[in-house]
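Input: a single structure, listed below in structure tokens.
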Amino acid sequence: MNLRRYFIMGSQNCDRKPENILEEAAKAGITAFQFREKGERSLSGHEKLKLGRRLRDICEHYNITFFVNDDIDLVEPLGADGIHVGQGDIRLEKVRGMFPDKIVGLSVANQTEVDNSPIQLADYLGAGSIFATPSKADAQQAVGPEWIRTLKRQYPDMPVVGIGGITTSNAASVIDAGADGVAVISAITKADNIKRAVKNF
Ligand SMILES: Cc1ncc(COP(=O)(O)OP(=O)(O)O)c(N)n1
Ligand SMILES: Cc1nc(C(=O)O)sc1CCOP(=O)(O)O
Ligand SMILES: [Mg+2]
């Protein structure tokens, strides 16, 4: 599992064909991808499944770890490598029980969430929002890279990715704080030059 350059995207994040954006990012060197088809202008039902299949095929071709966001019903149909869940989603214990062999990620935004979560059941943590994000209306208040340090002090062996408002300009501060990777939406979907953006991470 390589979470160093973790790209997250759904069609609602894209001004052009999602397949083309993912393919450019894949060629440029992302290491993990999360299919997050969610919120305003997002697809549902069969259209969501069909897009997921096309994006999964691109990841398979470029050997990129493929995650589904939230939706347990898509994990098997898409042949996903893993699933990412947050505090308001299906409980981690249940996800782990359903998918003992998949990679499971959990979001943690503050110490209370950590204290109330079975952290050891997760394979990695998504820590954020690190900075203010334009991509998630219900994101919690930005906590800064210090949150990564706090998590790594408690769980030195648990992979942690920073998420929320991460750009090529501030990613180094997230990695310097001990993160194993950076998870981004807009820094890639909105980039003038995706190849350059991915390489700069
Ligand atoms: C890698 C990663 N980290 C955090 C999140 C956020 O998950 P969640 O809190 O469940 O919010 P939604 O993405 O479902 O809106 C994530 N998706 N990925
Ligand atoms: C999906 C997601 N989760 C977050 C969290 O804080 O848990 S922030 C976020 C959106 C990240 O998008 P961008 O890279 O454009 O800021
Ligand atoms: Mg979620």
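Cβ coordinates come from backbone N, Cα and C, glycine included.
Annotations in TrEMBL come from automatic prediction, not curation.
Taking a C-beta cut-off of under 8 Å and a sequence gap of six or more, Arg36 (4-amino-2-methyl-5-(diphosphooxymethyl)pyrimidine binding site) has these contacts in its own chain: Ile8, Met9, Gly10, Asn13, Asn69, Asp70, Ile185. The feature 4-amino-2-methyl-5-(diphosphooxymethyl)pyrimidine binding site is assigned by TrEMBL to Gln34, Phe35, Arg36, Glu37, Lys38, Asn69, Ser107, Lys136.
The Mg(2+) binding site annotation in TrEMBL covers Asp70, Asp89. Of all Cβ atoms in the shown protein chains, 17 besides its own fall within 10 Å of the Cβ of Asp89 (Mg(2+) binding site).
TrEMBL lists 6-188 with the feature domain 'Thiamine phosphate synthase/TenI'.
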Fewest other C-beta atoms within 10 angstroms, as judged across Glu37, Asp70, which are the binding-site residues: Asp70
Averaged pLDDT, computed only over the residues in the domain 'Thiamine phosphate synthase/TenI' (6-188): 97
Residues among the binding-site residues Gln34, Glu37, Lys38, Ser107, Lys136 that border ligand 2 - Cβ under 6 angstroms, in sequence order: Ser107, Lys136
List of residues, in chain order, with Cβ under 8 A from that of Gln34 (4-amino-2-methyl-5-(diphosphooxymethyl)pyrimidine binding site) and at least 6 apart: Tyr6, Phe7, Ile8, Met9, Phe67, Val68, Asn69, His84, Ala183
